[in-house]
Amino acid sequence: MAAAKPTLTDSLSFCLAQLAAAAGEALGGEKDPATNETPLSRALLALRTRHIKAAGGIERFRARGGLRPLLALLRRAAAAGSAPSQAGPGSAPSSAASGASSPAPASGPAPSAVSSSSPTPPVRLRKTLDLALSILADCCTEGACRTEVRRLGGILPLVTILQCMKTDSIQNRTARALGNLAMEPESCGDIHCAGAVPLLVESLTACQDSQCLQSVVRALRNLADSPQHRLALAQQGAVRPLAELLATAPDAALTLALVRALLELSRGCSRACAEQLSLGGGLGPLVSLASHPKRAVREGTILILANLCAQGLIRPALGNAGGVEVLVDELRQRRDPNGASPTSQQPLVRAVCLLCREAINRARLRDAGGLDLLMGLLRDPRASAWHPRIVAALVGFLYDTGALGRLQALGLVPLLAGQLCGEAGEEEEEGREAASWDFPEERTPERAQGGSFRSLRSWLISEGYATGPDDISPDWSPEQCPPEPMEPASPAPTPTSLRAPRTQRTPGRSPAAAIEEPWGREGPALLLLSRFSQAPDPSGALVTGPALYGLLTYVTGAPGPPSPRALRILSRLTCNPACLEAFVRSYGAALLRAWLVLGVAPDDWPAPRARPTLHSRHRELGERLLQNLTVQAESPFGVGALTHLLLSGSPEDRVACALTLPFICRKPSLWRRLLLEQGGLRLLLAALTRPAPHPLFLFFAADSLSCLQDLVSPTVSPAVPQAVPMDLDSPSPCLYEPLLGPAPVPAPDLHFLLDSGLQLPAQRAASATASPFFRALLSGSFAEAQMDLVPLRGLSPGAAWPVLHHLHGCRGCGAALGPVPPPGQPLLGSEAEEALEAAGRFLLPGLEEELEEAVGRIHLGPQGGPESVGEVFRLGRPRLAAHCARWTLGSEQCPRKRGLALVGLVEAAGEEAGPLTEALLAVVMGIELGARVPA
């Protein structure tokens with residue numbers, strides 16, 4: 001087949017020349033339109049179908065200067081279309097449907113490319129415009145062309161054509177070109193300024209062609225590129241026709257275009273947008289489209305519904321249309337493991353939370369399972385950024401008893417307590433228009449003011465009681481404005497005050513304007529917790545470890561004065577008799593004392609953590625709360641509850657009761673009966689070596705035993721008993737030292753041979769007198785009685801040194817201190833342990849006591865610490881065990897050291913709890929070790 005014969009229109013230069021020639025013709029020229037019509041049409045057709053469609057064709061067209069004549073041609077057409085109707089040859093008035101008249105000028109007949117002589121543009125003119133607008137729209141798909149069109153002033157002619165040429169095809173291509181130009185922010189602003197929006201809105205209602213409607217809708221969507229432009233579109237009525245079209249969209253393509261446009265217009269939904277969409281009847285179709293089979297339509301519709309929730313005025317209607325169920329179901333699907341990413345859930349979470357602001361929607365959300373969904377989000381650490389918003393939304397259910405019961409059953413209270421502990425950010429502020437529509441704003445005219453009020457106001461201003469008319473309200477009266485409490489003008493801040501800062505109220509203001517309590521990040525969580533605490537028996541939810549931990553973390557960790565609501569919650573719980581047993585079972589009373597009174601928080605144990613503290617404030621609060629519990633415990637109900645708990649409770653409850661009693665019982669008859677007569681103290685001591693039921697159990701136990709010791713014996717016991725006085729600063733004279741010199745006096749008649757080969761001099765008579773063991777060894781029938789060099793097996797020089805001193809009558813000379821290692825070094829396996837064993841083997845009880853006293857002075861004295869207590873206890877000496885117990889429970893030790901010492905004692909005791917129990921029991925009861933202890 002022969003190749004197609006080349007034509008003139010195959011040349012871009014020829015086409016551009018024809019375009020330039022047509023653009024340069026004057027409207028009143030004498031050229032016959034027929035001489036240029038066919039070449040121009042052929043050139044435009046070739047440009048659109050071949051040159052522009054080719055690879056790089058748009059850029060070549062722009063580089064060769066094709067945009068300037070193309071815009072000139074459109075500008076001439078726009079000018080002709082907007083010219084006033086005049087009588088003249090070849091001219092006729094345009095029809096009303098065209099919306100404008102375009103007669104030829106009086107100077108002569110106009111070229112057919114720009115004239116109108118019929119109710120619609122002439123066929124040749126319409127064809128020329130269709131081709132030119134199509135070329136321009138294609139060119140505007142590239143950024144460089146959009147920039148040049150804007151520079152050449154091509155936007156205004158397009159707006160004029162949109163106004164004058166009401167043919168669907170021309171409207172379609174013009175809207176398409178404007179939509180492409182609107183992709184540039186600068187061009188978008190120029191299109192708005194040129195007044196294109198009302199014309200596009202008019203096209204929505206007048207046009208019947210689906211393609212044209214899609215182009216107009218797309219142009220409006222692209223024009224909504226900023227909040228200001230979206231608001232302008234809504235205020236110019238662009239939303240309502242879109243909503244009306246949504247219900248009657250003839251095909252899926254137009255439906256998708258409408259959904260995409262409404263999605264863009266509803267971003268940051270304005271009041272005008274919501275009102276127009278509601279008036280246009282768009283809510284029902286939107287809810288229906290949420291189940292559309294096409295994913296793009298379905299997801300776009302759901303996002304539109306989510307955006308609309310930002311306006312309170314439309315949320316009730318949205319709920320009536322079924323939007324609540326749609327949004328809840330969609331969020332539930334996206335929450336599934338195989339659902340969408342967390343980022344895609346954010347607008348839905350925000351929408352569901354906003355729906356909680358109206359009572360009617362809260363009921364729908366509750367029935368749709370929204371409470372379970374919100375609780376799942378609260379439990380999800382990946383959704384932590386949304387937690388403040390969700391908690392604030394749940395405040396809407398504050399007086400919904402059924403919903404509160406469901407939320408409590410789902411575990412809301414521990415999650416709220418976690419909110420008080422966390423570092424979650426502030427809840428995102430919503431606009432004023434997102435407020436609940438249960439209480440819509442009403443603009444009522446001001447009431448007419450009576451003459452008596454005007455006279456009173458005039459007199460108050462003249463006398464200086466008011467500075468202006470606004471200072472006095474017609475609603476004010478002495479009965480409505482209670483007097484302010486008498487307080488100094490500048491009260492001095494007291495460190496023990498726990499009140500939140502208050503703001504003075506102006507007497508002339510209405511009582512409704514009273515300043516409420518501070519509302520910070522923790523406000524919603526505290527409000528919900530306060531509501532739960534007002535139940536008849538809130539113990540199951542609030543008197544638990546997590547709940548108390550969260551409240552106390554907030555109270556002690558707040559940078560400023562904590563919210564009074566948190567203090568009221570704690571006070572309300574401690575004053576409620578129904579909560580007494582829960583405070584005992586959960587170690588809540590012990591936690592209040594440890595955290596608030598003693599300043600030891602769970603995360604400060606066992607290693608302290610640096611934190612800013614206001615201990616005096618917290619101590620006052622803790623003592624007040626414990627006093628509340630004391631009142632409950634010493635009431636007839638409390639006595640019965642504690643007695644039942646101690647005698648008939650589970651083993652864990654009995655131990656918790658025994659531990660808590662010294663903190664909340666001050667009546668001697670009560671604590672003596674429960675702890676001493678009915679075995680509560682022994683229960684507590686026996687539990688020390690069992691697995692701890694609470695992270696701070698041993699700290700609590702040390703504090704409890706110390707408090708009980710103070711109750712039993714108000715006088716303070718010395719930390720180190722004075723069984724054998726030993727003044728280390730001025731030791732007694734040494735009686736053994738003369739035997740060690742070069743000329744000993746008296747001369748030794750005996751030497752002891754150690755395993756190391758060292759020979760130690762001794763006096764036979766003194767050694768036999770000091771110990772029954774050596775008396776039998778050296779004066780009896782043993783072979784050693786005839787020997788001058790007596791071996792002492794299993795004894796090192798350091799351990800033998802205090803033995804030799806003691807045999808020769810040294811008491812308090814300091815020799816007993818020699819084998820004792822300094823604090824921080826182990827005693828087991830040391831020469832001190834060896835010396836103690838030797839003293840027992842050689843029947844030297846005085847030496848044993850002296851060595852034990854030396855160990856106590858070094859390891860349990862001022863230089864020793866709680867870590868030494870366990871080391872001393874490991875020696876297994878009853879007197880040293882008593883030393884350790886007295887050191888641990890001594891009132892001069894800080895609570896932290898007491899707790900750490902008890903931890904060391906329990907570790908040292910291991911499974912053999914008997915010696916530790918007896919030592920602690922004897923110290924608490926004030927009984928010397930070895931005496932009879934009451935059963």
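Cβ coordinates come from backbone N, Cα and C, glycine included.
Keep in mind the model is a prediction, meaning the values are calculated, not measured.
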From the candidates S341, S473, the one which Swiss-Prot records as phosphoserine: S341
Same-chain residue ranges lying at least 6 outside the repeat 'ARM 2' (185-225) that approach it to Cβ under 8 Å: 146, 149-150, 155-156, 158-159, 162-163, 166, 168-169, 171-173, 175-176, 178-179, 232-233, 236-238, 241-242, 245, 250-251, 253-254, 257-258, 260-261, 264-265, 267
Same-chain residues at least 6 beyond the ends of the repeat 'ARM 4' (271-310) whose Cβ lies under 8 Å from its Cβ atoms: 230-231, 234-235, 237-244, 246-247, 252, 255-256, 259-260, 262-263, 265, 317-318, 321-323, 326-327, 330, 347-348, 350-351, 354-355, 430-431, 433-434
The domain 'BTB' (748-816): DSSP-derived helix, strand, coil residue counts: 32 helix, 13 strand, 24 coil
